[in-house]
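Before we start, here is the structure in question, set down as structure tokens.
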Amino acid sequence: MLTKITFFERFEQDILSGAKTITLRNEAESHVFAGQILPVSTFEADRWFCDIKVIEVVPVLFSALTEQHAAQENMTLPELRRVIQEIYPGLEQLFQIHFCVVNTRAHPIN
């Protein structure tokens with residue numbers, strides 16, 4: 001089970017603003033459960049910037065990604081497909097983790 005989650009720094013503001021409400025992960029990073037609170041850090045520097053609450057975890061195929069998934073990631077569908085292929089090349093089985101931000105203490109929000 002994951003005890004924390006990381007995101008690339010480029011997604012930090014989208015997460016904090018509520019524009020990004022899902023993350024697509026591989027099976028190894030899908031072991032979270034609804035109601036779980038996770039600290040969130042940047043992938044690059046391991047710098048904490050908020051806590052999230054997991055709402056649900058749903059399996060989804062790369063080939064089944066839709067505009068709705070893209071909107072929840074705050075991207076276009078072509079952007080989302082490109083980003084997923086960069087992170088998980090050739091992977092078809094993904095897991096959608098739907099979340100909300102629950103804590104940003106000590107984080108300066110611009």
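The backbone N, Cα and C atoms fix where each Cβ goes, glycine too.
From a predicted model like this one, the values you see are computed outputs, not experimental measurements.
OK, Swiss-Prot features for this one:
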{"type": "DOMAIN", "residues": "6-93", "note": "domain 'ASCH'"}
{"type": "ACT_SITE", "residues": "K20", "note": "active site, proton acceptor"}
{"type": "ACT_SITE", "residues": "T23", "note": "active site, nucleophile"}
{"type": "ACT_SITE", "residues": "E73", "note": "active site, proton donor"}
Let's check the environment of E73 (active site, proton donor): how many other CB atoms sit within 10 Å of its CB?
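By my count, 23.
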Count the residues of the domain 'ASCH' (6-93) that DSSP assigns to helix (H, G, I), to strand (E, B) and to coil, and report the three numbers in that order.
32 helix, 27 strand, 29 coil
Taking the Cβ of T23 (active site, nucleophile) as reference, which residues of that chain separated by at least 6 in sequence fall under 8 Å from it?
I5, F7, E73, Q96, I97, F99
